[in-house]
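Feature list (source: TrEMBL):
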- 38-61: transmembrane segment (TRANSMEM)
- 67-86: transmembrane segment (TRANSMEM)
- 115-139: transmembrane segment (TRANSMEM)
- 170-190: transmembrane segment (TRANSMEM)
- 202-220: transmembrane segment (TRANSMEM)
- 254-275: transmembrane segment (TRANSMEM)
Amino acid sequence: MVQSDKKRRSTRSSKMVSSPVVMTRMQAIMQKEMVREFLAEFMSTYVMMVFGLGSVAHMVLGGKFGSFLGVNLGFGFGVTMGVHMAGNISGAHMNAALTFTNCALGRMSWKKFPVYILGQFLGSFLAAATIYCLFYSAIIEFSGGRLTVTGPIATASIFATYLPDHSTLWRGFLDEVLVTGMLQLCLFAITDKENNPALQGTQALVIGILVVVIGVSLGMNTGYAMNPSRDLPPRFFTYIAGWGIQVFRARDWWWVPVVAPLLGAYLGGIIYLVFIGSTIARRPQILEDSMVYEDRRIPVLPKTMPNPPMTSPLTPVSVSPINRPSVRTVPPLSDPIHLEHF
């Protein structure tokens with residue numbers, strides 16, 4: 001009994017000692033930049049996709065409870081919430097096409113590309129699983145227990161986009177290139193501090209409105225995926241959840257929401273930088289409410305002029321307009337480095 005009590009006490013003490021060590025290590029890991037950015041992309045994409053896919057589920061399953069306008073609002077303001085979630089940590093890309101464009105244009109290191117993509121894909125996949133669990137009974141009732149991809153009782157469109165009958169594959173491809181290019185073009189304008197950016201604190205709302213505008217004006221043809229992270233992980237989830245291989249075979253569409261947004265975002269970014277960004281005059285930084293002190297001046301005094309009285313290093317210079325010595329000021333500050341939010 002005595003030995004067993006000693007063993008229990010030793011195990012308890014070892015647990016008490018090890019738990020602070022584990023917590024310290026966990027905190028150190030969580031503070032690493034790459035880990036924080038991964039978690040930020042994961043959480044922001046999850047939040048966006050839960051609101052977006054939930055609005056699609058209402059449209060497909062709910063009848064009067066949903067509409068195409070509701071889908072646009074769900075994704076638009078889902079993006080707004082995602083930007084609030086991770087905007088100052090990772091930039092809240094939530095979109096593999098935007099991440100690719102930022103890396104390709106030199107605005108972000110390629111080392112971060114797999115970290116961002118992994119976070120986005122995992123967040124999107126988990127969001128699809130969440131919506132599936134929440135709406136499972138409604139899906140079964142609507143489809144009669146048959147999980148189909150096409151037809152009047154198809155439910156796979158809740159999770160991913162599919163090409164409608166009135167469009168061809170290549171028209172759909174060009175449509176996705178255009179809408180994603182518009183997205184990236186306007187995002188650069190919204191976040192360009194040298195142009196006319198959104199007011200501080202309103203960027204998330206303005207970006208959400210941008211997604212709503214794209215949806216209500218250009219979303220009919222292909223469902224405006226604009227985002228490999230929005231389309232591919234939920235499609236893979238439906239494949240393993242019971243819809244089967246048909247989610248990849250239906251009109252050979254699955255690769256278009258992956259490839260076309262990459263091309264469209266890259267072209268949209270280049271167009272903005274060439275036609276708008278290169279025409280903006282870059283002004284040097286101006287310090288507000290600044291005073292010129294004697295330590296910022298280098299007076300050039302005549303040889304016959306007596307030594308000036310001693311003053312404090314921070315005393316403003318007061319020079320008579322008569323016999324004013326020539327003054328050489330410090331050259332202006334160099335152009336600042338402008339950090340883009342996206």
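Positions of Cβ are set from backbone N, Cα and C atoms, glycine also.
Segment contact holds for the transmembrane segment (170-190) and the transmembrane segment (254-275), given three or more CB pairs below 8 angstroms at sequence separation of 6 or more. Put simply, of 38-61, 67-86, 254-275, the stretch with the most CB pairs closer than 8 A to the transmembrane segment (115-139) is 38-61.
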